[in-house]
Amino acid sequence: MRARLLVCYAYTSNYVVSPYLVPAALALETEEESSVPPPGGQCKYPTELSRVERIDRYSIINMVVRRLCGLAGGSAVLVAAAAVYAESRDSFGEKSGEQRTRRWGAIGSLYAAQKWRAGTDETEPRKGRWDSNWDRREPAYQTNGKKRGTDANDTELFVENKKPKATRHILLIRHSQYNLNGHSDKDRTLTGLGQEQAELTGQRLATLGLKYDVLIHSSMTRAVETANIISKYIPGVQKVSCDLLREGAPIEPDPPINHWKPDSVQYYEDGARIEAAFRRYIHRAETNQLEDTYEIIICHANVIRYFVCRALQFPSEGWLRMGLNHGSITWLTIRPSGRVTLRTLGDSGFMPAEKVTRS
């Protein structure tokens, strides 16, 4: 029996290849430990193998390759596997069809288990990969293809100087309970309970002992009133009003719900505005920011839920699967590398149970 080695490559989206052989499979397939003749004689191969022995060998090879595929499937590194198959001999007594089936059995297992290079027809590209340039502030992408120097060192220095150094902490606060019966925005003021909720949220922010840099709020009445109450507990913090943060329909939710169905034009108009708000406020620190910041944004449930999905790179259509209480705190942290952490989502545990409301 003559052994033949076939190397099968698996690609990632980086289009780099790295082969790893499977010596165990080779040892299983070849009868002798080495092809070097032993002293005093030639290597001798068996002239006859039972059908059971042949099947067992191919089964073991198949198993080895499957195991390698399993390890490779959960790794971002490049993977390759090798399988060994036997060149047929007349003494084996196999038909040509059986030979081809068994030769490619292990390779077929590898092919089916791996995800191949993006852009081919074999499988869909791997989903769920983190986009490091999600906010278009990744230093490596800011060269714009322009030549920054005469050598690679100049480009590396440019990228290094563009790297942020500080962390941004963004506390997203939903406005307090308001009058749902108002005919216009100016009539939808905070209820008595809503004012109490804002007081409790302000006290919570004060007890955290953080140095807040700015308080940005939606220009809608209920958000303005909430911000005015909270600001009493964090004196000296600048307040900024922003129309982009007004409530709206960011994107059609999936799955849809029956009791809330805005017109498609509302998604079209509100979605662009809320996405603009996200791009303005949710991003890593600028290069010239040297210290960590704590920023408060008081707005609305739909806006906050959309921001969370976008920042974590979850499907934006899932924003309505989350619920937020009035006056609750959602805390996002954005590291200099661009990585985002959700520290709290809709925290209202600082409120007594009888003060907690959602609608």
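Note that the numbers count up from 1, one per residue, in the order the chain is shown.
Cβ atoms are placed via backbone N, Cα and C, with glycine included.
Automated prediction, rather than curation, is the source of TrEMBL annotations.
Residues or ranges marked as substrate binding site in TrEMBL: ARG174, HIS175, SER176, GLN177, TYR178, ASN179, LEU180, ASN181, ARG222. There are 8 other CB atoms within 10 A of the CB of LEU180 (substrate binding site), with all protein chains counted.
Taken from TrEMBL, the feature compositional bias 'Basic and acidic residues' applies to 121-139.
Here TrEMBL flags 121-151 as region 'Disordered'.
Annotation source TrEMBL lists transmembrane segment at 64-86.
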Other CB atoms within 10 A, centred on ARG174 (substrate binding site): 28
Greatest C-beta neighbour count within 10 angstroms, which of the binding-site residues SER176, TYR178: SER176
